[in-house]
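K.L.:
Here it is, the structure in full.
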């Protein structure tokens, strides 16, 4: 796998998590998880706005009892309505992305059938704690989003999402002075617990493109699907 470039630094970490067996021509699937309020849906919206002119993409959201996140994306017209789908998990949000992924797989099949050909599907989990991870049978790579508002201790606390995601996004860096968070400490702690896996610090307020997270997604599509722009 080519090295990741996050904040200008190369990363060539070979991940230990088993990979989904991909079929030629299938869209790349990227999971986006993280706690409630960390900015997952805002990141999905930013990625859609930046990528919709260069890739054929769709979004699948997960909510417990509503379709709120999908409705938000439709209201903001980040993609045509038929490219946005929702799964109502009806219970713990991590169950639908890790333990019983049937509803998500069915929804992905429907998106692929309705929007051929797709290059990329973003799968957003429902809000959960630091333990949520995606099944490797559902997605190819996963992003985990935390935010600065929780304080600079969040990366240090670890958890499967923080430690083992393919990309850790530390969001809302513009709030650091207001909550007394040290971004240098957060970066250092993330690098320590993640053992070389890349971390991106972003502020969608200051850079609506999502900066390094966007470039990482582009790299994954190029690497996994051989989509050349």
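Cβ from N, Cα, C; glycine included.
Copying in the features that Swiss-Prot gives for the protein in this structure:
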REGION    1-20  region 'Disordered'
COMPBIAS  1-15  compositional bias 'Basic and acidic residues'
BINDING   34, 35, 36, 37, 38, 39, 40, 41  GTP binding site
K.L.:
Write out, in the order they occur in the sequence, the residues of the chain not among 34, 35, 36, 37, 38, 39, 40, 41 that have a C-beta within 8 Å of the mean position of the C-beta atoms of the recorded GTP site.
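P.N.:
These residues sit around the GTP site: 127, 145, 147, 171.
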K.L.:
I'd like to know which of these binding-site residues, 35, 37, is least surrounded, judged by other CB atoms within 10 A.
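P.N.:
Relative to the other binding-site residues in 35, 37, 37 has the fewest Cβ atoms within 10 Å.
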K.L.:
Restricting to the chain of residue 41 (GTP binding site) and a gap of 6 or more, list residues whose Cβ falls under 8 Å of its Cβ, or answer none.
P.N.:
61, 69, 72, 73, 124
K.L.:
So what sits near residue 40 (GTP binding site) in its own chain, CB-to-CB under 8 Å and at least six residues off in sequence?
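P.N.:
For residue 40 (GTP binding site), the qualifying residues are 32, 33, 34, 69, 124, 125, 127, 145.
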K.L.:
Under DSSP, is residue 35 (GTP binding site) part of a helix or a strand, or is it coil?
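P.N.:
Coil, per DSSP.
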K.L.:
Other Cβ atoms within 10 Å is the metric here; tell me which of the binding-site residues 34, 36, 38, 39 scores highest.
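P.N.:
Result for the most crowded candidate: 34.
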